[in-house]
Structure formats: structure tokens, C-alpha cells
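One structure is given here, and the rest of the page talks about it.
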């Protein structure tokens, strides 16, 4: 009798362990992928897929956000003292504050490296990717040049028309051995219908919010990817989006998801004066 009872307990424990493992596996498969890849145990980021090489003078507002001299995310220059990036790019457990490299087409050399003095994530940012925005105050002011320039911002709640073409840029994963991410790359993608994007992400991630918008092609092929996070989506000369997350990279039916800058314009102005 005791042997049968022991055997039954062993079977029950085995079934519970299997169920737990399957649940953890499903959780891993359905988590949204931030556009930012791990170079350190405490870091995570993404890169441009299906794009082309550009010079920093073509996107002089682009910066590389770095921890321990390693590129981890992108960002955009708002003024001589302020940078806009994604809140999920900020790591509170890092041993030191990050730095930014400006004015260089390469994330590992050239330009100027400046330490971040203060990090201000949006107060509404949480675990569900909403309000994925953070401001970085620099220790020293930038000197503007052909390669270092601020980008204009939209007004609060300024609408984005469906099909608006924007340019995204960064040093993220290219998914191609032939395309190096050592130099700055970019691609052009159109914004997509908000309801259609929400439907695409509903079953896996619970959809998107009004503080987000999506951009990409139905067939996939062009997108941002790991270590592009925090970088710019620029349309008509304005920074309308911050690279945030998505399901894998450049997959058909899953456009990239961006934090909507117009939804936090007043907060940016109040916090930075820009």
C-alpha cells in the first residue's frame, strides 16, 4: 500500500513539474521583444533589418546609449543638454550611469562621448511597455555641428496619419552576416492602422495602447531590431516615435511598435524645458 502511495506521489510531482515547465515556456514565447540585445548580464537591446548604411550627418540627432563603453540602445538629441530614449533601455542595476556617443557614424569610435548626469523615466512607465519614454540630462552641453543637431518634436496629441513614411535608424541587429551593424543604418517604413496593429498583437501581448503606434510592411522584411531600442522614428522633420518593441524582427504581420512622442509632449516640456 505504501509503495503504491509513494508511486502516486511521484507521478503527481512529475506532472506538476511538467505543467510548470510548460507554463514558463509559454511565458517566454509570448513576451514582447524589446528593441534592445544583451552585451552584459544586466542589459538587453535590437537593430535595423532590411536597411541601408547612412552617415551621421544624415541623422545628426542620432546617439548611441552605452553602458561600460558598449552600445546598447539608441536615442535622439532634443537640445544641448537633453536626450530622449526608451525607458526600458535604462538599467537601475548598472554599476554606473550610461554615456552617450554623438557625432559619429560608428557606435564604437569617433564623435564625442558624454556622461549622463540624470535619468528621468516617464512616471507612468511600467512592465507592459506603456509610456516607454525616458529623458537623459547630460553632464556637459553638446556643441552643435553638421554631425550633431537636435530634432524637432510634435505638439501634444498631434495625430499621425496612417501610411506616414518615416525613417528609423540605429546600430541594431541586421539579421544578415553581409550587413554589418558597426556603422549607422536606416530604413523607411510606413505607419499602419492602429486597430489593425492592435489586432495583430492582441492574442500574444494584449494589444497596444494609445501611447503607442506601429510601422512596417505587411510582408515584413524591414524593421528595427535588437539594440535599436530608444532610437528615432522621424517623419516630416519631427521625432514622432521612439523605437520600443515588437514580435521578433521584420516578421510578416507584426509591425514594429513605437512609443508615441506626441502623447508625452507636455511632460517632455515640463521636465526638460524643451
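Note: Cβ is positioned from N, Cα and C throughout, glycine not excepted.
These numbers come from a predicted model, not from an experiment.
If you check Swiss-Prot, you get these features:
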- 88: active site, charge relay system (ACT_SITE)
- 132: active site, charge relay system (ACT_SITE)
- 229: active site, charge relay system (ACT_SITE)
- 73-89: disulfide bond (DISULFID)
- 197-214: disulfide bond (DISULFID)
- 225-249: disulfide bond (DISULFID)
- 48-273: domain 'Peptidase S1' (DOMAIN)
- 1-21: signal peptide (SIGNAL)
- 223: site 'Required for specificity' (SITE)
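Among the recorded positions listed (73, 88, 197), 73 has its Cα nearest to the Cα of residue 229 (active site, charge relay system). Taking CA atoms as the reference points, residue 249 (disulfide bond) and residue 73 (disulfide bond) are 16 Å apart. Distance noted between the C-alpha atoms of residue 88 (active site, charge relay system) and residue 132 (active site, charge relay system) is 6 Å.
According to its DSSP assignment, residue 214 (disulfide bond) is in a strand. When the disulfide-bonded residues 197, 214, 225 are compared by Cα distance to residue 89 (disulfide bond), the shortest distance belongs to 225. Closest to residue 225 (disulfide bond) in space, going by CA atoms and restricting to the recorded positions 73, 132, 197, is 73. Within the same chain, the residues at least 6 positions away from residue 214 (disulfide bond) whose Cβ sits under 8 Å from its Cβ are 191, 192, 194, 197, 200, 208, 255, 256, 257, 258, listed in sequence order. In this structure, the CA atom of residue 132 (active site, charge relay system) is 13 Å away from the CA atom of residue 73 (disulfide bond). Candidate disulfide-bonded residues: 73, 89, 197, 225, 249. Fewest other C-beta atoms within 10 angstroms, 197.
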